[in-house]
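Visitor: My questions will all concern the structure given below.
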Amino acid sequence: MINNKNLTLTMIKPDAVKNGYMGNIINDITNAGFTIIALRLTQLTSQDAKKFYSIHKDKPFFKNLVEFMTSGPIVAAVLKKENAVEEFRKLIGATNPKNAEEGTLRKKYAESMERNAIHGSDSDENARIESLFHFAEKEIYLD
Ligand code: UDP
């Protein structure tokens, strides 16, 4: 059962896939010491995106976010590394790429606050929920 501090869920968002950054981003992720233990190219339906981002359903940006996240293919992946959630949030940088530090994935690849190239879970509990949103347990290679 996936339930530990070593996993996080990422999505390479539609802007980054469209801009041809999929390979570079995967390379950066593995170079930073994360192991990919599940991976899929897929496209979210409106229902999927609304569910995934349901915590933001009352926010002014929700509708645009759902439209953006369903606008093209994404890459979903489960990543393994010690302290994965925190370490990966460091690697991706601030939500707004203008505030993201040099060398972070959002600084390198994001277009804007909304089209910010990449997702990373914000807690261990959400990492588990989001991993099981995208993958069946048997598709997650824990060892
Ligand atoms: N977002 C947006 N406008 C905002 C805040 C967030 O479009 O003012 C989008 C952005 O794509 C972000 C996602 O909604 O990645 C989820 O927001 P959250 O605050 O959870 O940021 P994250 O955890 O992705 O850094």
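Cβ from N, Cα, C; glycine included.
Found this in TrEMBL, in case it helps:
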{"type": "ACT_SITE", "residues": "HIS119", "note": "active site, pros-phosphohistidine intermediate"}
{"type": "BINDING", "residues": "LYS13, PHE61, ARG89, THR95, ARG106, ASN116", "note": "ATP binding site"}
{"type": "DOMAIN", "residues": "5-142", "note": "domain 'Nucleoside diphosphate kinase-like'"}
Visitor: Using all protein chains in view, find how many other C-beta atoms are within 10 Å of the C-beta of LYS13 (ATP binding site).
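Guide: I count 27 other Cβ atoms within 10 Å of it.
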Visitor: For the recorded positions listed here, ARG89, ARG106, HIS119, which shows the highest count of neighbouring CB atoms within 10 A?
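Guide: Sorting the candidates by Cβ neighbours within 10 Å, the top entry is ARG106.
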Visitor: Helix, strand or coil at LYS13 (ATP binding site), per DSSP?
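Guide: Once the DSSP labels are grouped into three classes, LYS13 (ATP binding site) ends up as coil.
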Visitor: What is the one among the binding-site residues THR95, ASN116 whose Cβ has the most other Cβ atoms less than or equal to 10 Å away?
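Guide: Per the Cβ count, the most surrounded site is ASN116.
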Visitor: Hey, how far is ARG89 (ATP binding site) from the residue listed as 'active site, pros-phosphohistidine intermediate', Cα to Cα, in Å?
Guide: 9
